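Working notes, beginning with the structure itself.
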Amino acid sequence: MKIDKRLMVIVAIATLFRMIPFRLKYLVGSDPYFHLAYIEEALKAGEWFNFFTYAGGPWGLQVRLFHPLGLWATPAYIYKLFSFLGISLYTAFRVTPVIFGVLTVVFFYLSLKKLYNRDVAFIVGLFLGVNYGHIFRSMANYYRGDNYMLFWYSVALLGIALGLKTRSKYRYLFYLLPGIATGFASAFWQAYYPIFVFVLAGGLLLGVYAYLKSPKLFLDSILIVLSTGLGVLIANILGDKVGYGMLGYTDWMGKKVAETFGLEFGFIKDAYLLIHVKYLLPLSLVFLGFLIITKKLNPKIKVGVLVGGSILAFIVMLVKFPALKDLSTGFGTFREVPISETLPPTLDDLWRAYNIAIFLAALYILRLRKIRSGDAILLGYVITSLWMLRYWTRFLFTAAPAVAFLSGIGVYELTRRIKENKIRITSLGVVILLSSAFSLGEVYSVKPFMNENWEKALIFIRENSNENDIVLTWWDWGHFVTYYARRSPVAQGSPNSGVAGYYLGLVDNGWAQSLGVDYVIVSLYDILKFEAIVDTAKLSRKWENISRADYGVDFLKLTESTGSILRFDSQYSTLIVKEGNIRVILSGKVVYPREAIIESNGRIKNLKYPARSGVYVYVNLDYGYAILANEKAWETNLLRLFTQRTGENYELVYSDGGFVKVFRFVHPNVVFRGNKFILTGNGTGLGLYGYLDNGTLVFKKWYSVKNMQEFELPNNLNGSVVVRYVYTQGKIVLDRGIVRVKN
């Protein structure tokens, strides 16, 4: 077997770029920490259990309602496969994204080699190998599920390429591969659905190509479209085994989308799969049938028929099925949620992801004079992925190969017109080096959110709290709590308006008590997200009228230190500290704060002034920063706790002096130890709800515990593996949580 040296070069470059973050001690982002925590606990338990008690506090989290099992099983089996080499699970987990990211590049290379030629494949492979938009979610230390979807699409594309270009009477069998790939993609990520659209769009555009230029390819087009039906069948079968996607029949989003489209779950138990089978697949076949019927028309008339028919079909589809207009945005999912991933990309986002490839993509126009069947297939993916990119920054990754295809093919078309071989090679080298340099800078600039400050604080909680304790922290850090503290956070993975309201002081301690909160984390990182906290609180109708303008918070860095004089600056204000005398310069006007808190060497010094400025100041001398706030922000729970102006319900148990602080929330509490509930406070009732691992409620009973200090778990819980408990005094909830029952 002859070694493809060009492919080896691409593999080496793609691997090198994606392994750069491996040098980092911590994982990138926050989601990977949840995934790794679950894998570790599952391997420890010896089974892929469903009910995870270290997440989703105080209720617990059913992981089968989160992602399909393949997302967690893959790194685990890679670890088991290579454990004989002495690699740890942590290492295996960190390199898994690289493995599938590089494999994606490889399969795209092989596909383009079939659809075009080895030169096109090589240039596109180089562009994709150094494309930061693709690197970001396929690099070491950053484990994300969409990496698998693009991998399976690259497999599907290879199957289509083999079907189109193989000279054999059995070539049509290759069209089983896109069906298998789309189906298997469902086992690895909850939002795998775009792969169906990519394959379907490719089949439809191949049908258009067949209509205009090569009628013999109609059968290929139909088989590609039908392959997605096989994918639906496989995805539906796998769903019963490893869990459905985010539009599954047990998920609230799946129920909502099904209701919107007037669908009922039956044999097919996923809303998107139902939409695909009931609407997208039949409509696509009708469209292809229309093209086949009119294929013998005059070529000029055919163009008019195609354009007019497409417009008419699009209008009819939107009138008859108006909800389909939201298909590209996940049916409106997260439309109002303040997450950067679900906002449209900015020009800066596009430049960071693709750099010069954005401009080089325009060169694809040189290819339009001689469109071939391979172009039709690729354009199906390119058009749909770029359309998705209009809506969400998240799709910078999904569209990365599309940009690489356009720019790579465009550069090939340009350079092949250059007759001088040295100039052609030099030009290509300069372009690739430029793109590589920009991407290299972006990869090296990647920094984890996790750091030693967080790690020490969370390990403290793990070592000094009870297993059933609940932790309140901002949702961005919730997965950190699950991994390092092995405790259940109230919010993680998605915005929580209740937690935002708590930090802003819009709810009282009774709210936290009703959720069983035992520890509250406040940090400088939360204060830096103050505007996001306000925006998240506004998601609740109760607080939709609050405004960022109501809460004034400014972060200032130490910029000058001369003797006893310290100067702190931000874009908007200046703070001068001199021997306890503090002045604030706002818009050129000098004012004095009403209250100032100075933290240094673990001590808090509170200074009050007879000023009426409405300005409040926190100064941290150890870490060299200051916080400026107006009265409304100053009196929020977040700043009251961070500046240690707490009431009797909060006890500071950990502080690093200025980054992360942990408070124990003092309230009537339940501790689960040795199959016994140890009760504190004057509670009168204890409700127990037992569940099987699949989430079925099999036990429910209330007990009177008045004047009791402990309560032993009943022996017969009807096979329950986890128990949710509620500790009450009359109708008031004193504590709440979830425990795993030990045999």
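Here the Cβ of each residue, glycine as well, is placed from N, Cα and C on the backbone.
These figures come from a predicted structure and were not determined experimentally.
Each of LYS113 and PRO344 belongs to a differently named topological domain in Swiss-Prot, hence to opposite sides of the membrane.
Listed by Swiss-Prot as binding Mn(2+) are ARG144, ASP146; the candidate from ASP4, ASP31, ASP270 that the record includes in that site is ASP31. Here Swiss-Prot gives transmembrane segment for one range in the set 68-88, 425-445, 509-529: that range is 425-445. Under the three-state DSSP scheme, ARG394 (glycophospholipid binding site) falls in the coil class. The average pLDDT computed over the topological domain 'Cytoplasmic' (367-373) stands at 90. Spatially, the transmembrane segment (120-140) is not adjacent to the transmembrane segment (171-191); fewer than three Cβ-Cβ distances between them are under 8 Å for residues at least 6 apart in sequence. Of the recorded ranges 8-28, 145-165, 171-191, 217-237, 273-293, the transmembrane segment (395-415) has the largest number of C-beta contacts under 8 angstroms with 145-165.
Spatially, the transmembrane segment (8-28) is not adjacent to the transmembrane segment (217-237); fewer than three Cβ-Cβ distances between them are under 8 Å for residues at least 6 apart in sequence. When each of 171-191, 192-212, 425-445 is scored by its Cβ pairs under 8 Å to the transmembrane segment (346-366), the top-ranked stretch turns out to be 425-445. Contacts between the transmembrane segment (192-212) and the transmembrane segment (374-391): present, as 3 or more C-beta pairs lie under 8 angstroms, all at sequence separation of six or more. Scored on C-beta pairs under 8 angstroms, the neighbour of the transmembrane segment (374-391) with the top count among 145-165, 171-191, 273-293 is 145-165.
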